[in-house]
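Novice: What TrEMBL records for this protein is below:
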| type | residues | note |
| --- | --- | --- |
| TRANSMEM | 28-47 | transmembrane segment |
| TRANSMEM | 104-124 | transmembrane segment |
| TRANSMEM | 150-171 | transmembrane segment |
| TRANSMEM | 183-201 | transmembrane segment |
| TRANSMEM | 213-232 | transmembrane segment |
| TRANSMEM | 278-305 | transmembrane segment |
| TRANSMEM | 359-379 | transmembrane segment |
| TRANSMEM | 418-439 | transmembrane segment |
| TRANSMEM | 451-474 | transmembrane segment |
| TRANSMEM | 480-502 | transmembrane segment |
| TRANSMEM | 509-526 | transmembrane segment |
| TRANSMEM | 532-550 | transmembrane segment |
Amino acid sequence: MMQNFLDRLGDWNPQFLREIKGRIQPRNILLVIAISLLSQFILWMFFQTQLPILIDEIKYLSNKYCTGSRLRPYPDALPKMQQCLQDGYGNLILNRELWFQDTFTWLSIIGCFSVLVAGTYLLISDLAHEERQDTLNFIRLSPQSSQSILLGKMLGVPILLYLAVFVAIPLHLWTGLSAHIPLWQILGFYAVVLFAGFFYYSTALLFGLVGSWLGGFQSWLGAGLVLGFLILTKEALVNASNSYSLIYLRFFNPFYFIPRLSSSSMFGNVDSWNDVKFFLSLQISFAIAVGLALFNYGILARFSWLSLQRCFRDSNATMLSKKQSYLLTSYFSITTLGFVNWQELVFIKSDYHRSIINANIFCLLFLHFWLFLYLIAAVSPHRQSLQDWARYRRISSKKIVWNQALIKDFVWGENSPAILAIALNAIIAILLISVLVLVVNTEFSQKINYFVPLGFCGSLAMMYAALAQLVLFMKNRHRVFFANGAVIAAIVLPLIIPVILLQNPGNQTFWWMFSIYAPVIPLFQASSLDGITAFLSILSQLSITTLLMFQMTKQLKKAGESSTKALLAEQVK
């Protein structure tokens, strides 16, 4: 019977069967179950120790799980401590619902963080191991589809982690229901964790494929980034204002979808979705938040899955096609704009109205900064692809520098340089953000000023893209490492150099115009920036981009000529 089941499993997904064969062993299963049960027992006993113990001097006993009035002498020092009361039999009257809520909350936090962080580590580590053993190329040559192989890895590699979580579900469900949490909310949380896992695991597999140059450090870096992001968003966005688009980052952290989080004693100040609106009128409740999270994870996982399919079979392929990058930018810009407080910005005008507009635009630019760093990495082809493209253009194109076919190739072509594509993505983002700028309730002259930081962002994105593309065309085998280092240096050094070399760097506005701080100056230090300085700064950035593009064009032309000569020489032979 077991053999028939394994045969059917192998027919459905051979890669999944291959992954679980070495992992589903009696010893491993017993060990994982024991660790899961022991962890649950430790957590259970920890919360048992938080309950008050009955003593003779009951009037001096206080605890957050008691039901009496709060202690008056120490309202600030002990805000959650309440006096303990006894029933007619001398037993303490405890708030068991709150105790179960706290236990359920911490089970949820530990569970979802473990699934995302540990699963990310396991997947990246497995791909790195396959790469070192030189079995990944063998898997690529198998008749299975890339979807089947990748899905098999996603389901099979963390199979023991899934087992540990499955063993913890009964306790989690029981504590949640004992805290009077509706079952549908608990199931909604499970759905969010499931979709989040699919998105994070897809991204982990993609990082494992394109980041193999990091070596053994890769899996630790990937897991560390996920853990750092989850902790950072958990701590930084707990008290974040619901009027800014940074709220969008909550959708990437299942912590904010733990049911009745604000009812727990430890996270009573977390008001996850109250007063949050999507665009003008959609008031976000827990159910709507879960629906939006599932939709968001699904869309972004689709982009990750498309990238996986492209990179798995061809290591020289870009993560995204140029068309896919335009769609991703459009989706991201529209979604982040949805969490801006449109009602306050458009219909209400107060003394601090301008500062709210500035903060909203800054948050949008901050989110798009990370998007464009990813886009530069995702659509910039490497040396071999650029060489093939240069040879093709040399043979097939007419001797016209800018013809219609060439422009079309720059916009849509798979292997063409990505600088124009990044510029078009910047235009898409700027146009969508401009809608907010045009409708905000402020003077027209101020609206014009808001286009200055948008211009800075566009020119900086093109400059970073041109620099990365130029370095990726190097003959050095570590060009990916150098490209990352060059972009990081271009971001960091302009922030450090003025501080070191200038006596009063805060008063030297022009020197900050070549850094990522440039878009911030028109928003928060507009008095120190005049129109001529802004124009010259953007012109200088575009000049640097033009020089980088000129050098890139020169190298592409040279590569195309040499490749064509080599090809013709082979044909003559």
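Just so you know, glycine gets a Cβ as well, placed from its N, Cα and C.
Describe the structural surroundings of these features, if you would.
Specialist: Outside the transmembrane segment (104-124), and at least 6 residues removed from its termini, the chain residues within Cβ reach (under 8 Å) are 39-40, 43, 47, 153-154, 157-158, 161, 164-165, 168, 171-172, 175-176, 179, 181, 189, 193, 196-197, 200-201, 204-205, 207-208, 211, 218-220, 222-223, 226-227, 230, 254-255, 258, 261, 264, 266-267.
Only residues 6 or more beyond the boundaries of the transmembrane segment (150-171), in the same chain, are considered here, and those with a CB under 8 A from a CB of the stretch are 13-20, 23-24, 28-29, 32-33, 35-37, 39-40, 44, 107, 111, 114-115, 118-119, 122-123, 126-127, 144, 198, 201-202, 205, 305, 308-309, 312.
Only residues 6 or more beyond the boundaries of the transmembrane segment (418-439), in the same chain, are considered here, and those with a CB under 8 A from a CB of the stretch are 318, 322, 325-326, 329-330, 333-334, 337, 340, 342, 345-346, 360-361, 364, 368, 371-372, 375-376, 379-381, 407, 410-411, 447, 450-451, 454-455, 457-458, 461-462, 465-466, 469, 545, 549, 552.
Long-range Cβ contacts of the transmembrane segment (532-550) within its own chain (Cβ-Cβ under 8 Å, at least 6 residues beyond either end) map to 419, 452, 455-456, 459-460, 462-463, 466-467, 469-470, 509-510, 513-514, 518, 522.
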Novice: Counting only residues 6 or more past its boundaries, what in the same chain has a CB within less than 8 Å of a CB in the transmembrane segment (451-474)?
Specialist: 361, 365, 368-369, 372-373, 376-377, 380-383, 386, 417-419, 422-423, 425-427, 429-430, 433-434, 437, 480, 482-483, 486-487, 490-491, 513, 516, 518-520, 522-523, 529, 534, 537-538, 541-542, 544-545, 548-549, 551-552, 555-556, 559
